[in-house]
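I have placed the structure first, in the form of structure tokens, so that the comments after it can refer back to it.
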Amino acid sequence: MKSHQLKIYNTLSREKEEFQAINPPFVGMYVCGPTVYGDAHLGHARPAVTFDTVNRYLSYLDYRVRYVRNITDVGHLQGDADEGEDKIAKKAKLEQLEPMEVAQQYTDSYHRDMAALNTWKPSIEPRATGHIPEQIALVEAILAEGLAYEVNGSVYFDVLKYNESYKYGKLSGRILDELMSGSRDLDGQGEKRNPVDFALWKNAAPEHLMKWDSPWGIGFPGWHLECTAMSSKYLGTQFDIHGGGMDLMFPHHECEIAQGNACNHQDPARYWMHNNMITINGQKMGKSLGNFITLQELFTGDHKLLEQAYSPMTIRYFMLTAHYRSTLDFSNEALQAAQKGYKKLINGLRIARSLEFSPESGADLDEKQIQQIESSIAAAFRAMDDDFNTAQAIGHLFNLLKKINSIFTGQLKYSSLGEEIFNKLKDTFITFVVDILGLLEEKSEVQEPMLSLLLKLYSEAKTARDYDKVDEIRAGLKSMGFVVKDMKEKIDWAYEE
Ligand SMILES: [Zn+2]
């Protein structure tokens, strides 16, 4: 394994902690996946890109990551509490579909959008409906511990009883007394001993669409229980990293911790990581606010708030330019700046790939240049080791990019770096952009041959002094987002930044 001292901000301790895998080189990571009842939006993209980058960086460090991200296809009720309709069943009724048709449709579209963002697939992607027996077994185990009770075919977790031996609220910092006094007595809560108790299993009314037999009658599992069942099944009763959006910290993750402790007498995960939220022009994103943007709308530009389409890699790059624990504000201005930055990096990637060490005669090693390159490389990795600070790492990559561009234009000599440092510069830049940050060059199959052909015609027109033709080709390429790089000894192209 590479010797890096990785630090991770642990929401549980509210500190950056040195990362120690439970069983190196293996790392178990569970991330709460989508509830599949609608198109993926920015709120789905951020955790997907964040934990994909965590996965990529851990893999770069030679950890062997088992990344489990679930699909919630039952039990997630409106308002994220124990009342209201199941989100998927509600959509199924509206569209006159089977709930599983809804789940399948939006699982497929989620996969399509996450692939566009170049996120690696999880190692295991379990579905809640495929783990009903495991969930029933967990309810039985919690009942056997005396930390749950059954009422009218529903089973609730007894938070007060649990809190006698453990600490409910330790992840989110919520105080139990305040939670109790702040709880409203909502519909269905009459069954609970205390309004802070949460459902492990809910009795299903006859009209309920998704339901299963259980020792307590026909019903369906609670949302929080699903993640405990699937994470413990595939990663064990204690694993390394549990991730998700900050909005899931309470009650969802708090309840997962309670369930894990109730069954196994230990916290389910060592490190709890939470990505921050996304705002749109400074406002919280919400359907009722009219600023809810799906990824497909971003990719096509088909939304009243968008001035243009933004490519998947522009979105990915944009997310990486902020640290995952900072809020990220979407605006056309910020996205256009991200598009420029992304294109700069990709132009650098193309150049870096094309460069081969070819020493000039008579040039000496330039210690200052070497030292600048070495320190930018070290700083980029230090940033990643410091709680995956992609924002800072990208800043250092731009310093490396300057050196790459200078080599390309001949201002910086290969000989002044020497072969070892040149290769280190080239390899680090490529590895960082492609493997760690997961940024790809977005292009069609025919792009390279078409551009070569056009540049050949450009060059012939230039030789023939047909400057109208030269200008026409230049303008045509520009309209397609490419610039002609007409240099002394060569003609090349680049993405317009
Ligand atoms: Zn979850």
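Cβ coordinates come from backbone N, Cα and C, glycine included.
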Which range is motif ''HIGH' region' per TrEMBL? Of 1-11, 34-44, 419-429, it is 34-44
Expected hit for motif ''KMSKS' region' in TrEMBL across 169-173, 279-283, 284-288, 364-368 is 284-288
Whole-number mean pLDDT, the motif ''KMSKS' region' (284-288), equals 79
The answer for the motif ''HIGH' region' (34-44), taking Cβ pairs under 8 Å and residues 6+ beyond its ends, is 71-73, 76, 87-88, 90-91, 102-103, 105-107, 109-110, 113-114, 245, 277-278, 280, 285, 292-296, 298, 330
Not counting CYS32, CYS227, HIS252, GLU256, residues with a CB within 8 A of the CB centroid of the Zn(2+) site are TRP223, HIS224, GLU226, THR228, SER231, HIS242, GLY244, LEU248, HIS253, CYS255
Here the Cα-Cα span from HIS252 (Zn(2+) binding site) to LYS287 (ATP binding site), rounded to a whole number of angstrom, reaches 22
Sequence-ordered list of residues in the chain of CYS32 (Zn(2+) binding site) that lie 6 or more positions away and have a Cβ within less than 8 Å of its Cβ, or none, is PRO47, ARG69, ASN70, THR72, CYS227, GLY243, GLY244, GLY245, LEU248, HIS252, HIS253
Listed in sequence order, the binding-site residues from CYS32, CYS227, LYS287 whose CB sits under 6 Å from ligand 1 are CYS32, CYS227
The rounded CA-CA distance in Å from GLU256 (Zn(2+) binding site) to LYS287 (ATP binding site) is 28
CYS32 (Zn(2+) binding site), DSSP three-state class -> coil
